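Chemist: For 39-74, 78-109, the entry in TrEMBL reads domain 'EF-hand'. What TrEMBL lists as Ca(2+) 1 binding site is ASP52, ASP54, SER56, PHE58, GLU63. According to TrEMBL, the Ca(2+) 2 binding site annotation covers ASP91, ASP93, ASP95, LYS97, GLU102.
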Amino acid sequence: MAMSSILNADDIKKALDAFAVADSFDHKKFFEMVGLKAKSCDDVKKVFTVLDADNSGFIEEEELKFVLKGFAKDGRDLTDKETKAFLRAADKDGDGKIGVDEFAALVKE
């Protein structure tokens, strides 16, 4: 499933452009800009499925680094600092990865 079938392609581009500079990524602003925050729980889960590249049921740190590429092929890689901050914000149970419920909670906060 393509991310553009869930979210507006123009919104995705604007959000990616807004965080094009390394160490500028802010997940709350990004999720709001791409329109994900306003989407239904089902749509948020669909986005999670796209980002879960290995279909493990979790977004691991290595997948998180490439999260912007999940929204568009030309998205940049997150820096290690951004990746770790994103993981800390989402990983409520401390297992080192983000489950679908943790992702949904992060998007909606």
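Heads up, the Cβ atoms here are built off N, Cα and C, so glycines get one too.
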Chemist: Over the domain 'EF-hand' (39-74), what is the model's mean pLDDT?
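Modeler: The predicted confidence over the domain 'EF-hand' (39-74), as a mean pLDDT, is 96.
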Chemist: Please report the distance from the Cα of SER56 (Ca(2+) 1 binding site) to the Cα of GLU102 (Ca(2+) 2 binding site), rounded to the nearest angstrom.
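Modeler: Computed Cα spacing between SER56 (Ca(2+) 1 binding site) and GLU102 (Ca(2+) 2 binding site) is 15 Å.
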Chemist: Between ASP93 (Ca(2+) 2 binding site) and PHE58 (Ca(2+) 1 binding site), what C-alpha distance do you get in Å?
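Modeler: On Cα coordinates alone, these residues lie 13 Å apart.
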Chemist: Neighbours of the Ca(2+) 1 site ASP52, ASP54, SER56, PHE58, GLU63: Cβ within 8 Å of the Cβ centroid, same chain, sequence order.
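Modeler: So the additional residues around the site are LEU51, ALA53, ASN55, GLY57, ILE59, GLU60, LYS97.
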Chemist: When you measure from the Cβ of PHE58 (Ca(2+) 1 binding site), which residues in the chain that are at least 6 apart have a Cβ under 8 Å away?
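Modeler: The answer is ASP52, LYS97, ILE98, GLY99.
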Chemist: State the count of C-beta atoms found within 10 angstroms of the C-beta of GLU102 (Ca(2+) 2 binding site), not counting that atom itself.
Modeler: 20
Chemist: Give the number of CB atoms, excluding that of ASP52 (Ca(2+) 1 binding site) itself, located within 10 Å of its CB.
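Modeler: Excluding its own Cβ, ASP52 (Ca(2+) 1 binding site) sees 20 Cβ atoms within 10 Å.
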Chemist: Measure from the Cβ of ASP54 (Ca(2+) 1 binding site) and count the other Cβ atoms within 10 Å, all protein chains considered.
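Modeler: Around the Cβ of ASP54 (Ca(2+) 1 binding site), 10 other Cβ atoms lie within 10 Å.
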Chemist: DSSP-wise, what's the residue breakdown of the domain 'EF-hand' (39-74) into helix, strand and coil?
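Modeler: Helix/strand/coil tally for the domain 'EF-hand' (39-74): 21 helix, 3 strand, 12 coil.
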Chemist: Long-range same-chain neighbours of ASP91 (Ca(2+) 2 binding site), Cβ under 8 Å, sequence gap at least 6?
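Modeler: Non-local contacts for ASP91 (Ca(2+) 2 binding site): LYS97, ILE98, GLU102.
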Chemist: I'd like the number of other C-beta atoms within 10 A of the C-beta of ASP95 (Ca(2+) 2 binding site), please.
Modeler: 11
Chemist: In whole Å, note down how far the CA of ASP95 (Ca(2+) 2 binding site) lies from the CA of ASP54 (Ca(2+) 1 binding site).
Modeler: 17
